[in-house]
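Engineer: To start, I am sharing the structure in question, which I have written as structure tokens.
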Amino acid sequence: MNSIDNIKSVGVIGAGTMGQGIAQIAAMVGYKTILFDIENSALDKALQSIEKNLEKGIEKGKVTNEQKTTTLQNISTVVELNEVKADFVIEAIIEKLEVKQKVFSKLESINSENTILATNTSSIPITQIGAGLKHPERFIGMHFFNPAHIMKLVEVISGAATDDKVALLTKEFAGKLGKVAVMAKDSPGFIVNRVARHFYVEGLKVLEEGVADVETIDKLIQSSGFKMGPFQLMDLIGVDTNFSVTTSMYNSFYQDAKFRPSRIQQQKVDAGHHGRKSGKGFYNYE
Ligand code: NAI
């Protein structure tokens, strides 16, 4: 088993909303970081937004020019999963069990037995994703929050087969990335997403019932002390990702009505209105 000092390189699978932030922090700390995506355009977009974040950091006096240069130098981008060989790999692709399982069995076949494989899933039980692996003991959940380069919290979730030493090492690794790790039990949505689900689901119900419009709901929730209303937050998270998480939790909790996905949200997904990342969601960003 690896010790923290043996972790020299990090693989990040998926260069979308979460993958880009995770790659940024790993590279900033000094890890050689391999960022993978199936889409070249996603990799280009990710590098642009990492550069933008670093420039913002320079403006605020939190990042030096030298740090920006070394961070960008530490990141290499690849479109072949075969090329993701690293000591610690974090997956952040779409929230679909079968797709994640396929990616992990590939990652397992090309990486050393000492490599820790982590998923950033928001809702799918870790035991389920790790079930097809030959070595599920080195597989774990490492759930970051959006925006990943800013938010401090990380939920670390052991599956039924995860080795305790892997859990401790992941916690230590999260600390190296400047995060505060909280150990969570393996259950659908873990802690934060399970509690927060109702924020979105109920907001959508209020909208569907015509009680109030998007702007009014968000404004009222904000004025009651929340940083963002549910629709602003869904646009930040990704309306598609948020919908997949709700759907996954609804199914995991045996179609419990309190997690039922919303038709309005389904329509947004179908129309490609995925929030800030697509230029349009509940609000227009174009
Ligand atoms: P996203 O839709 O912004 O990005 C996903 C990326 O994965 C895309 O660029 C896509 O091209 C890529 N990808 C790479 N390999 C893929 C494959 N085999 N199949 C499909 N896509 C592939 O997604 P986002 O929001 O970054 O979510 C990623 C994961 O992180 C999900 O599991 C989600 O639940 C989780 N998460 C999301 C948060 C959020 O606020 N968006 C917060 C915490 C966790």
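The backbone N, Cα and C atoms fix where each Cβ goes, glycine too.
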Engineer: In TrEMBL, the residues GLY14, ALA15, GLY16, THR17, MET18, GLY19, ASP37, GLU95, LYS100, SER122, ASN146 are said to bind NAD(+). Which of LYS277, LYS280 is said to bind at that same site?
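Structural biologist: TrEMBL names LYS277 for this NAD(+) site.
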Engineer: Look up HIS143 (site 'Important for catalytic activity') in the DSSP assignment and reduce it to helix, strand or coil.
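Structural biologist: SS state of HIS143 (site 'Important for catalytic activity') = strand.
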Engineer: Please work out the mean pLDDT for the residues of the domain '3-hydroxyacyl-CoA dehydrogenase C-terminal' (189-285).
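Structural biologist: So the average pLDDT across the domain '3-hydroxyacyl-CoA dehydrogenase C-terminal' (189-285) works out to 97.
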Engineer: Taking only the Cα atoms, work out how far HIS143 (site 'Important for catalytic activity') lies from GLY14 (NAD(+) binding site), in Å, as a whole number.
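Structural biologist: So the alpha carbons of HIS143 (site 'Important for catalytic activity') and GLY14 (NAD(+) binding site) sit roughly 14 Å from each other.
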Engineer: Tally of helix, strand and coil residues over the region 'Disordered' (265-286) according to DSSP?
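Structural biologist: Within the region 'Disordered' (265-286) the tally stands at 9 helix, 3 strand, 10 coil.
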Engineer: What number of additional C-beta atoms lies within 10 angstroms of the C-beta atom of LYS100 (NAD(+) binding site)?
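Structural biologist: Result for LYS100 (NAD(+) binding site): 23 other Cβ atoms within 10 Å.
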